[in-house]
Structures are given as structure tokens and as C-alpha cells.
Amino acid sequence: MRQTKTGILLANLGTPDAPTPEAVKRYLKQFLSDRRVVDTPRLLWWPLLRGVILPLRSPRVAKLYQSIWMDGGSPLMVYSREQQQALAARLPDTPVALGMSYGSPSLESAVDELLASDVDHIVVLPLYPQYSCSTVGAVWDELGRILARKRRIPGISFIRDYADDSAYIDALAKSARESFARHGEPDVLLLSYHGIPQRYADEGDDYPQRCRDTTRELVSALGLPPEKVMMTFQSRFGREPWLTPYTDETLKMLGEKGTGHIQVMCPGFAADCLETLEEIAEQNREIFLEAGGKKYAYIPALNATPEHIDMMLKLTAPYR
């Protein structure tokens, strides 16, 4: 009997190909056209997206990307490639492909790469620790569309999330302890997660609970008193209410009330990107310091650290 050959598909959000208005516009158009991300009726959304949002946001966002762009491309792409290569090095007999929901390399190119390696079974690991319909759900949807076009469909194991997985929590805790050793223990450790519209949660998305699960387990692992840890949500977009409290408003409040030393971690980001390196490490630092805060440090994402790769090995092991 032929032994099953398994491949691993690491999935993440995606990134523009270049820090230019044209490349950013292409990326944002694909991203903001996904109903999992924005579910506004199309007759209302298309004119707003194409006539207002893309022309206005693309040049501004391109400048932000230019401020963080690396020699190998966008940080998200650089670190994602490093993750793929590190995991592949640990699993020499298992093909590992990288696919993005938006931009390049696409999820379809990743599936094709694995099928070309003659795999019978694909383990899909969306690198979103906390499930949300707007992230993990988008990977699920696109995977279904891709496979619907294939004559040969492999077996699929889909890892929904890993918000309270012990290897993930241990990796976060080690990263936080290293930051504490470098900068001193902060007055407040702020855990900033990407926000979603409150309406999504009201309609059944359990993302807020999965963020709370991560926060609870991380606080326990670090042995910090609850009053020294805060959970907030960043990157809100549009006018409808998003999950609260908002990260920027919380940092302003903490600075104004005299909190001296803040360290910020973004547990929901598996790789550093625009939202961490520019929004959190730069914009929100300024907000806190201008409000009266004294010391601010951003704790990097897990990226391709050995502990993060160990976690990926553990999560995929039952399916390999």
C-alpha cells in the first residue's frame, strides 16, 4: 500500500509586492474586495472603494511601507519566507509551501506547488493564532474555491487556530521575558490584538474570546498580577464600532495618568508587518510619549524564532 505523502501549507494575509502606490493599490483592492473582510453590500461598497478609498489610501499607505521596507521585501514576506525555510529545514521529507490570501505568493500557487510534489495530504496552518472569520475564514473560503477547480483533491487537515496552545504561549512568554530583561519590567504590559468590527463578534465570531484565552494563558505563564496587563485592539478601519478598548486611546490614557513604562506585544501577529512595525512601534509610541509616558518598548513578533518553529512542528505533528 502506498504511503501517504503529506505537505504543509503556511498561510498568512499577504503584502504588496513593492512600496509604491500602484502596488499598494492592487493589494488593497484585492484585500478590501473580500466579503470576509468587508461585507458591505457591493452596490454601496464598490463606488466607495474604487472612487475614494483606493485613490486616497494607496499613496499614504505606500509611504508607510517605504519606512519599514527591507532589502528582501516587506517585513511580512521576509519573515514568512524565513518561517517556511526554517520549518522545511526541520522537516526534510515534508514539502512546505507558503501562500497568502492576498497578493503573491497566492494560496493557489502554494497548493499547486504541493500537488506538484505529489502530496496526497495537505496540512493547512493559517498563521493567525486567534480564529476570526475575516482571517482564518478567508483562508478556508479561498482553499475551497481552489480545490473546486482541481481534478485531484488531496486530503486536507485544517488547523483552525492555536490561541491557547502551550507551545505558542511558551514562545510568547519567552519573548516577553527577554524584553523585560533588556528593558526592565514595565509598569504595564499591553497586549494589542488586531481589531474586528463589533458586529462580527455579535454575529458569532469567537475572536474576542480567543484573544482573552491567549491573554489569560500568557498572564499565567509570566506570573504577572492581572493589574499589570491590559488587552486592547488596534487597526480599526471605517466608521462602525470595532472591538474595544482601542490601543491608541488606551496608550494616550495611560500616558496622561502618569504610567511611566509600557511594553507592547501583539500576540495575534505571527510575523512583523506594517501594523506592528509602523503602527505599534512608531505611531503608538509617539501617542504614549506625547501624552506624558516616559518609556515605551515594542516586543517583536515571534517571526522565525526557534520557539515559533517548534510550535509549528507541534501543531502539525498529529497530521504528518
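Each residue, glycine too, has its Cβ placed from N, Cα and C.
Taken from Swiss-Prot, the feature Fe cation binding site covers HIS194, GLU275, and the record attributes it to sequence analysis.
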Let me check the 10 A CB neighbour count of HIS194 (Fe cation binding site). How many other CB atoms are there?
25
Would you count the other CB atoms within 10 A of the CB of GLU275 (Fe cation binding site), including those on all shown protein chains?
18
